[in-house]
């Protein structure tokens, strides 16, 4: 679970906005 497991991976804007997920 977390942004790095999301469809866009850690480079996506969503992930950067939720950096604690990484």
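A Cβ is built for glycine as well, from the same backbone N, Cα and C atoms used for every other residue.
According to Swiss-Prot, the feature pyrrolidone carboxylic acid maps to 1.
Annotation comment: Swiss-Prot describes 3-15 (among others) as disulfide bond, evidence class experimental evidence. Following the DSSP three-state reduction, the secondary structure of residue 15 (disulfide bond) is helix.
Residues annotated as disulfide bond in Swiss-Prot, with experimental evidence given as evidence: 4-21 (among others).
The feature disulfide bond is assigned by Swiss-Prot to 10-22 (among others), with experimental evidence given as support. A coil conformation is recorded for residue 10 (disulfide bond) in the three-state DSSP classification, outside any helix or strand.
Taken from Swiss-Prot, the feature cysteine amide covers 22, and the record attributes it to experimental evidence.
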